[in-house]
């Protein structure tokens, strides 16, 4: 172990030496740049662009380009990047993560690699965690870029598509992680190329990269549409039932936060809903409502997992930042169950039209880099998932913060009494204090206690984060007391007020340990910026969530040996610190394994999504006739149908093929069994395809010009692809929920999901081609006046076409008595008969 540690330290030192060497090359240009006039310095940007286009690489340009930005920053902002900031900039340009402590100037560090990469003309995205930081950084650092001749855009959620497109066309675009993701999804749902807003994804520089790529890695970005539902009453009934339960009626697994009915609870459910068997197949929907009601009432906690806004809306609380996540909803009906629990209006369920996780969103960039003050603990994940190294950058000045040993109390009450006493004592001497909490309710509790103790303070949590930057900026003033959930206000420096250094600087008090050591380190790092003095102290109790779930037995045994009997007694021990860190490592390991598994599942969706979106983009951007593609789909649909009946009784097969042709391709009276009976399979395919081509040409001739033809072809394909893709996403979600149970049968759920997901994708492609064929053949196309119609009118017309073709196919009744349940359905959908036209029969 010692050898491994030594090797890691030596590697880090070697990396630092390389970075210092490059930084010295940048510094060597300082005098030359200082001697240039403003016009000469600004002329460097077009010069660099020409040199890049002439064949020089960005690496060739780096020392001089970085030096230009340094000098421009000095002239425009009055800030001159230190050597350690140059080193951080080099790491960012290389697509890695420089770990830079709080207050070391990460925002200024980013200007150098952002400028350099923007010279390529392919766009640079600077990603922040909220719109306040995007706007602030774009405004402040944008002065440097604009002065140097580069364009800067800010992408905000409230902007129109035209404004977003303009922002993305800039050399440098500031945006939040969620908005970039949603724009990507929306771009892959539009019908016209001019409605797209993004360029190809080139280089992303992510601020607070651990928050985005680790903490929110499992969070899917979902674009969904409302589904009309009559189920609100079921949510209410399930909630009413669950509220009648006692502790013996359900079982909670605390470490995994899962819940289910006990045998007693099952009996009560059957009695309450008047059922013979709760888990009968007919009651699957009801069990889903009950499961969600259980989670809502006994797992999801008010002011910890969610808050109720003043207008009665349920808002999710981000577990890592303590902020509310506006516009986001728990999926799979859980949000509606919480609405029923809290007695607010139950909103409609929604159906997912497109989704992507941050993991896969950011892996699509050609180059990805990020900045944070705390990433070393997640080094393995950054390397394995994102292929990014973590490079610790030395501080500009030595850290002078004093980190005290944790204090452990037997109960929550005794711990909080100690916290209040400590805060009051420090406030009285004028030392500013930042109190960090894990949950909103803890913030509120401490606030009430401080009011009772007569200590003036500010509260920063999910309920008032609009003021967070202002509150955080004042948190270093003499006598200031600030309570903040987790890392609320992250990204804003706490600068010390006059006379505070002499009082010991800012004191950070943690009211409990977080599951992640990284979050604790972030809280500590708020004190002692840029060599300032500071202190940190964590207060723990045996009743803390982390202790209760992962560490209390050993620690309790230790305390028993210490004969700790008084409630206000306190323990300070190195062994205790090691036990807490061990518990945190276990949780971090569990969380990493979970994220890894999510990625394995999402990779299946990623591969399929990329195929669908690439084909979609090809259709949207096409200036050519899409007839060959549609004809190929028709040909494959006919082939699939004929091949599906190759092994059937010949007469039955011919009857089924004729039924398929009448329903989906040719006019009903134009074909009969005798037309095909003497032909071989290949000849049948040729005959049907020949007839289909004639109908295709007839249909296309009804459109007045090539522009109208292309428009019709595009809308036809896109409408069907989008509809089938939405259904497929829903089916994959259901598959994912079901394969988990197969682990009990010694099957690997991920492998099962990959295998079945691939088959479902193949079926979906077949279903798309079948629907395109049927709609193309059976649609009623009317020649229209030569005029431009709105996109909405086009889409509506296409939907009407689909509805007409669906009506014609459903109205044709066929005899399927000869078809077996596991045969492919004669209609040509590509589905098994039992899952298609045989569904009612079976």
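Note: Cβ is positioned from N, Cα and C throughout, glycine not excepted.
Here Swiss-Prot flags 85, 103, 104, 105, 106, 107, 493 as ATP binding site, drawing on sequence analysis. The Zn(2+) binding site annotation in Swiss-Prot covers 825, 827, 836, 837.
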Check your understanding: Which residues of the same chain, at least 6 positions away in sequence, have a Cβ lying under 8 Å from the Cβ of residue 104 (ATP binding site)?
Key -> 84, 85, 88, 373, 393, 395, 396, 529, 530
Exercise for review: Indicate the candidate from 85, 107 with the smallest number of other Cβ atoms within 10 Å of its Cβ, considering only these binding-site residues.
Suggested key: 107
Study note, to complete from the structure: Same-chain neighbours of the ATP site, Cβ within 8 Å of the mean position of the Cβ atoms of 85, 103, 104, 105, 106, 107, 493 and not counting those residues, run in sequence order as 100, 102, 108, 109
Point to revise | Intrachain C-beta neighbours of residue 103 (ATP binding site), sequence separation six or more, cut-off 8 angstroms | key: 493, 529, 530, 532
Review point. Looking only at 85, 103, 104, 105, 106, 107, 493, the residues listed as binding ATP, what is the longest Cα to Cα distance in Å?
Key: 17
Review point. Name the residues of the same chain, 6+ apart in sequence, whose Cβ is under 8 Å from the Cβ of residue 106 (ATP binding site)?
Key: 88, 100, 207, 371, 372, 373
**Study point:** Neighbourhood of residue 105 (ATP binding site) by C-beta distance under 8 A, where only residues 6 or more apart in the same chain count
**Key:** 79, 81, 82, 85, 396
Practice item. State the three-class DSSP label for residue 103 (ATP binding site), counting H, G and I as helix, E and B as strand, and everything else as coil. Key: coil
Check your understanding: According to DSSP, does residue 85 (ATP binding site) fall in a helix, a strand, or coil?
Key -> helix
**Study point:** Local backbone state of residue 493 (ATP binding site), from DSSP in three classes
**Key:** coil
